[in-house]
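Heads up: the structure comes next, in structure tokens.
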Amino acid sequence: MKSLNPRFIFLLSLTVVSSSLGFYLPGLAPVSFCEKEDAKECQKDIQLFVNRLDSVESVLPYEYDAFDFCKDTDERRPSENLGQVLFGERIETSPYKFTFKSDKACVKVCTKSYDAGSKEDKLKLDFLKKGMELNYQHHWIVDNMPVTWCYIVEGNQKVCNPGFPIGCLVNQEGKPKDACVINADFNKKNAYYIFNHVDITIFYHSGDETNGMSARLVAATLEPRSVKHSNDDKPTCDGTPMDIPAEFKNNLKVTYTYSIQFKQNDDIRWASRWDYILVSMPHTNIQWFSIMNSLVIVLFLSGMVAMIMLRTLHKDIARYNQMDQEEAQEESGWKQVHGDVFRPPRMGMLLSVFLGQGTQVFIMTFITLFLACLGFLSPANRGALMTCSVVLWVLLGTPAGYVSARLYKTFGGENWKTNVLLTAFLCPGIVFVDFFLMNLILWVEGSSAAIPFGTLVAILALWFGISVPLTFVGAYFGFKKPGIEPPVRTNQIPRQIPQQSFFTKPVPGIIMGGILPFGCIFIQLFFILNSIWSHQMYYMFGFLFLVFIILLITCSEATVLLCYFHLCAEDYHWWWRSFLTSGFTAVYLFVYAVHYFFSKLQIIGVASTILYFGYTLIMVLIFFIFTGM
């Protein structure tokens, strides 16, 4: 076997990683801005959009309108794709409207009044306090780009977060929580401080990209502040922090204001305007450590497989061919089970269904990650990743039906109708039931992540109207083909399996088989879980694609090794064992998700806990049939 040149591996990895950052998303055209509007060339008005609010302490996101903030009098919602709806994004216009290059200071947006004698006002204020207590974050968008809050952390490192908090809390002991630590003036015990003022800075590029006639926005940052305005009609934005007491006894007014300034920055090009956000994300040296760790495991397994194939098996076959029949009868090991090794497994129907569904998930994942590496599914194209995955899964019903039917026919099965129905409905049905139950909880809690009834109907239409018929088409061609003929004849009477040692028994072998594949992915898994549950932006699809390829190789080689050891122990029940050996990686994934929940997350509440584990079970099931396949 030729070993890959380390320089080639590095260059390949660098190419794949840089592909998602080297150019901007194809299909998204830049918008030009100018001081005097030209309908053909540029526009002068800048609209700020608001998205859902979320928290690391709760799985329940809420729409902007769920909180008592200032609302746009002429509210509009841009059309959202399927992925955005499934992820719970709810984008709408805001009352924050700007004019290009028009700096303004302390502009009043609105004033919210709360009457201590009104139950409705009390509920509104309580919900706002709950949002501050759970550290819910705003997510604002300008020109399809997140408005970021940049601040300095330990080690003098600048971090730009694509969100900023509603406010913060100082508890009864006087200990500031979350964002309250940034200002020493937040010192009242048992009080909430609301960020009712924002200082927004928009950077624009006005150079060779636009011939100097117009400009393109390349960054948008803000600084949230809490200000108690002495005059709500004519605010000055220089007062003390706006504190809200924990006990609502007196009438209260909260005035929301903003300041806006524009700065020219020709060093940042439009095509790389996301870089300042991505640079502050987790560094790539951890990713390279993950890749090198995975490559070491792959090289170890490849060496083991090569040694077995090139030395042990070659030597055994050569010696076996030189023996006469009597000597062969005295032999032991894998050579003795050649007449039983292709005996159809128990529950062959279920195994063929899992393999068909696993093929569907594998092709879907491969194409999705490949497109992500090319930049088509970057964070700028909101919801594209989920939309692409769902559409591909729907369209890939044919290979699932074909693989399932062909294998089932190879196993000698005759109930082809049951096989096709199970392939089309078993795993997708389990996922849909789990998803629907989670959606019921979101509906009850009033979360923006609750899927509208119309979208559920659309998903069912895609499933029953496209995926199921395509599965039947694939099954038709699969059953039409002859079954896969084994190279040796299967004995009529099953051979008795000798007493097995502890390590060659099914359960220990399956448990050990999932360790190495999981070792290849656990670092990448940390970043993926951070992206899902801690609302961090994930963009390193090049690394993820490499880890995906390494995972495939590791699962295959680990299964080959353990199957060889089991056959040497004259145990020919390898069909299910080979599936479960790699599929057990999903169990380690679940264990890691439990560890992540208790050690990394700050999620509180029964509903959020149920939602976390409900969605985790969907991930585990999909990962199980994928790695097992």
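Counting starts with 1 at the first residue shown.
Cβ coordinates come from backbone N, Cα and C, glycine included.
Listed in TrEMBL:
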{"type": "SIGNAL", "residues": "1-22", "note": "signal peptide"}
{"type": "TRANSMEM", "residues": "288-310", "note": "transmembrane segment"}
{"type": "TRANSMEM", "residues": "353-377", "note": "transmembrane segment"}
{"type": "TRANSMEM", "residues": "383-408", "note": "transmembrane segment"}
{"type": "TRANSMEM", "residues": "420-444", "note": "transmembrane segment"}
{"type": "TRANSMEM", "residues": "456-479", "note": "transmembrane segment"}
{"type": "TRANSMEM", "residues": "510-533", "note": "transmembrane segment"}
{"type": "TRANSMEM", "residues": "539-567", "note": "transmembrane segment"}
{"type": "TRANSMEM", "residues": "579-598", "note": "transmembrane segment"}
{"type": "TRANSMEM", "residues": "604-626", "note": "transmembrane segment"}
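Contact between the transmembrane segment (420-444) and the transmembrane segment (353-377) holds: at least three of their C-beta pairs are under 8 Å, each pair 6 or more apart in sequence. Touching of the transmembrane segment (288-310) and the transmembrane segment (510-533) is concluded from the presence of at least three CB pairs under 8 A, sequence neighbours closer than 6 excluded.
Counting Cβ pairs closer than 8 Å to the transmembrane segment (579-598), the top stretch among 383-408, 456-479, 510-533, 539-567, 604-626 is 510-533.
Between the transmembrane segment (510-533) and the listed ranges 383-408, 456-479, 539-567, 604-626, the one holding the most Cβ pairs under 8 Å is 539-567.
Through the fold, the transmembrane segment (383-408) approaches residues 80-87, 89, 348-349, 351-353, 355-357, 359-361, 363-365, 367-368, 371-372, 376-377, 416, 419-420, 423-424, 459, 462-463, 466-479, 481, 483-484 of its own chain, all at least 6 residues removed from its boundaries and within a Cβ separation under 8 Å.
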